[in-house]
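Some notes on the structure that comes next.
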Amino acid sequence: MKRYERDRSPTPDPDIVKGSYSQTSLRSLHELNYKNPAGISGLSFAGSPQQSVASLSQMRLENLVKDKHWEEVEDFGLEELRDGFFDAAFTKPDSKARSPNSDIDDDNGAARKKLQSGFTKLSEYVWTAIYRPIIHFPRDIRKNGVSIFKFFIAYFIAIVICVIRPSGRWIGHEFRYFLPIAVLIHHPVRNIGVQLEMTISSIIGASFGLGWSALAWYISTATKPTANYQGGILFQSLTMALLFAIWLRSVYRRFFYFTTSFSISIIFTHTVRLASSKFDLKWQIFWDFGISYLFGLLLSLLVCVCVSPHSGNAELMEHYNKCLQTTKTFLMALVDTELIKSKEQIYLAQVKMVKTLNIDLSQGFRDFVNQLTISRFDLQSLKSLRNSLTAMETSLRVLPIAPKIFNDDELKKMYEELEKYRSDSATLSKEASASPQSSGIPTRENTPSAFKPIGPGLLKNEIYINALKASFSKSIFNLILEMIFVLENLSRVLKKYESPNQKNNLDECVKILSHSHSKLKRKIYKLDVCYRDFVNSSFFSQELLNDEESVDIFLFLRYLRNSARQLVTVIHDCQVLGENIHWRIALPSYPLSRALTRLPKQCVLDEGAGNVLHYFEAKRDVDEIFERVYNTYTSRHKYNKGEEEALRLDSQGGDEKSQNRKNHTISIRAIDHNDFNFHTTQNPWRFKLWKLSRILSGDECKWTLKITFCMIFLCLPTWLPESYHWYQEFHCWWAPLTFYLLAHRRYSGNWALVMRRLICGIVGIFWGWAANQSRHFGSPYVVCTFAGLIVVPFSINFLVYRNTKSSFTALMCFTIIALEPYSKPNRHYNLTTAGIWKSTWVTGLALIIGILVSIPINWIVWPFRARTELRDSMSSLLAHLGQSYQTVADRYLYRDADDAPTDLTFAFSHIREVRLTQSLEAIRELLKKARHEPIIISNFNPEKYASLINSCQFLLSKIIEARISGAFFEIWDQDFDIETTRALLSLRRDSVSSVIFVFYILSNCFRSKNKIPRYLPNPIMSRKKLYHFIKKFSEMKDQSHSNLNSGGNSMEKNLFKKIYQQKASSSGQQQLPLPSVANSSEIDSEKMHWTEVHGIAFARAFTDISEALFQVESCAKDILGEENF
């Protein structure tokens, strides 16, 4: 990179190109300190928050550098002044650098640790896999009893209909077993809306498949030449149909049941019969398949509607209640005498709260709006309640854990005072027993007058903490208790909304909410009064902000108050929710582009890929919100591209007209996000062709080709004259059909899962043979009894333990083996020992072939590896974190003057943070899948990825904290003067750009599987340099301020101000507001205090990000390796 050296001559040559970055450089301003001992000329007479920020941050950065023993690489006095470039601070590699064999050493060490902890892991596995399911079995049965009964009754009725010979013969003859197969695929343990949509989609898909097959049958026997080679026509028809169905199911998951029914009908009708002429066609099989499959769909729908129906309303309200409960648990942990010293327990409660709201509630709400529901609540009111809960949780998410505002002794004393006060008043006691309100909590004016005398041995830190405790501890304690009571009342009100006699409870709910609203606002007001009293007291000073623990207490107070204010909004939204309660049919309202790629939770589990699909969905959502952020103009300033171009051209001229235009320059954004747009060309057709080529070469098409090839290979014997007889006689076409039903493109699995699925299939085959082989060969009563015995354990395995595919395999195999000989017309031969055995082992072998191929197909030819996806996911996650950091730095920290974040900016920030949280959780689920993959070639250490994910989660929390604090202060107002701002521009650019650049490099290394470069910019050193010069400017300002005040001549001060203003105006730059001594008392001290507190919090968060990024870099080097010379 070309760089420019600072000109050291006294009269620089004006012809030397300095680059487009034409501001005064840092080094030239640094020389002014030696040329002018008074420092920089422009001064501010009011105290600046830069002193607190610089002192805290610089001390921490100095300690970090000292602990790491970094040695900075010499920059030889060069400085970068061009736009688009920055000066990176590099440090020499650690003397304990990784050797080329370090990966081998790490792997050997990991292997030794794994061997040493083998017994511990074995005991944990035994506990997880055996003892815990046994202990929790009664609870799981009670919780899922209704679902198990619905699954059981639907399947049992289907078997009973099939074994009754008149009904079974009318429904499907020897293919009647498609009735229970359809029940298994479309089981009734779903919401009514989902079941109805699934039924309609499957009916349309099966009808379309039968129509396609009828056309293929007609064409294949229309003439004698085609009838002689009917297999070729059916082969072509099946290939086209499978290509269409598999690709559509892979791209748009909403068509899962449509394509499944379509494919089943296509595979069945293309392999079940081979005719030599149109007179040999047996169209009866269309009836046999269509009616049995239709009755299975209708039976599942009937059981879903009649037996304990679920409309989706109760599940969503359960998510809301759970969210309120976890928030209450977190607040209770803050004032728990036993947990006050356990930061880990409080942190776990905080993480659970975030997960419940950002993941569980969000997932439940999406499922609710993505399906047909019969709801009692207005959708817009539910959405407002969810958004207000999210806003409340945002402040609690960054709440400092276990600050020194409380200790266990003080909490016990507060609880004793509370109980004593309640016991003294019988009236208040009755009210408290009737409704757990906080009206009995004693309050007093918590002013510093209650502050205890300070002993001579106390440190400054202890003095500050004691002063803050005396002022705020009881008010904060009362506010937390009140928030807990309010959350409990909200949970009670939501339960009353669901009760049948809701109209009678509505007045009571309004009374509870109104009382909670007034009490909470009163506690917030009392906390505000305590704060104002403290600000006006003698204990309030600038030195408080130089203590980190005091800043934590202020942030705790601020974030808690913000969350309490948001809780007031939650109360209002809950009250609005109860004003419009009546039964209504809510159609799906989810955006179509996203609805086509989503399925309800139970349907996703039925697919068999577990939570892996959640990762791809979350990744699409994150990409979508970043695309919206980068292509939406959120500035308060107007932006006109045409006028900007005209101004740029006119600026090249020197006439009077162009000068007038420059005087009326419009305000534009400092950074234009169009560079981040995915559309890199102005030609729309070129972009569309690129998208088409991506689709044709994507994973969906590769999977389609692979599955179609395997299906055609398994179907091939049915079209050959030498093999079609035995293939159709023993229903061997169940091999391709089983393979199609069990294969999934996002399921890698391992040999243990293959064996588990195979064992379940063998159990089903054996049980079906036993049902027919028992006394009175093929007795309908025995078959029904065996069906009832096998469906109970596998329904529990299906619904409780989420082993959906293995349970489906067992029940499908039992259904086919039990009903195939029972349904054949020649009962005298088929229902004998020889007939039952031959039918069992031949058809069972076909089923086993389909089962064995269903999982290893993902291991060969364009395989799906969760480990590869995990590496790609880390690349995307690091890129998204880097872009989030850049967005916070651009739109919050270094925003233009008078360009505060808008409501749209805040909305995008909330959506981005929630979706990144969901993406992190989805990556953790992907890591669980990667742990169970078979190790073939590469070594994989999941603990390294787990450490990297934890570091990324910490980075996200700090980015959120910085975003919240960045909205409350302007960085330009904290500078001493405009020349300080110009001098620090390059250092601020270097500090932020170093972090973004490291994110970019790490992301690309994960995507390309390259090793991490040995030399990367050190953000900590860049940030240390920034605060070093901020401290220097602060010292220069203090020195100049003391020299100016020592003169005692007001005329000299006014003259200095005039000189400064004249200098600023002559330089052609806009002057920053310079507060005078006369009007400095008019500045709102409270606003300035919180501005400074948030500035310190922001600086600390960015310092934490720089430090955590070094840990991320170390984890990345452990995973990918490090380049060596």
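For all residues, glycine too, the Cβ spot is worked out from N, Cα and C.
Swiss-Prot assigns the feature transmembrane segment to residues 255-275, out of the candidate ranges 255-275, 465-485.
Record note: of ASN663, ASN830, Swiss-Prot gives the feature N-linked glycosylation site to ASN830, with no matching annotation on the rest.
Swiss-Prot assigns TRP733 and THR840 to the same side of the membrane. Residues 426-449 are the range that Swiss-Prot records as region 'Disordered', among 426-449, 498-521. The stretches the transmembrane segment (707-727) and the transmembrane segment (255-275) are in mutual contact, each linked to the other by at least three Cβ pairs under 8 Å (pairs 6 or more apart in sequence). Mean pLDDT for the topological domain 'Extracellular' (165-176) in this predicted model: 90. In this chain, the transmembrane segment (751-771) touches the transmembrane segment (844-864); three or more CB pairs sit within less than 8 A of each other, excluding pairs fewer than 6 residues apart.
Within 10 Å of the Cβ of ASN830 (N-linked glycosylation site) there are 21 other Cβ atoms, across all protein chains. Among the stretches 144-164, 177-194, 285-305, 751-771, 781-801, the one making the largest number of Cβ pairs under 8 Å with the transmembrane segment (255-275) is 285-305. Residues 147, 150-151, 154-155, 158-159, 161-162, 171, 202, 257, 260, 288-289, 292-297, 299-301, 303-305, 307, 309-312, 315, 371-374, 600, 602-603, 606, 741, 799, 808, 811-812, 815-816, 819-820, 823 of the same chain, all 6+ positions outside the transmembrane segment (177-194), place their C-beta atoms under 8 angstroms from a C-beta of that stretch. In three-state terms derived from DSSP, ASN830 (N-linked glycosylation site) belongs to a helical segment. Looking at 144-164, 199-219, 285-305, 781-801, the range that has the most CB pairs within less than 8 A of the transmembrane segment (751-771) turns out to be 781-801.
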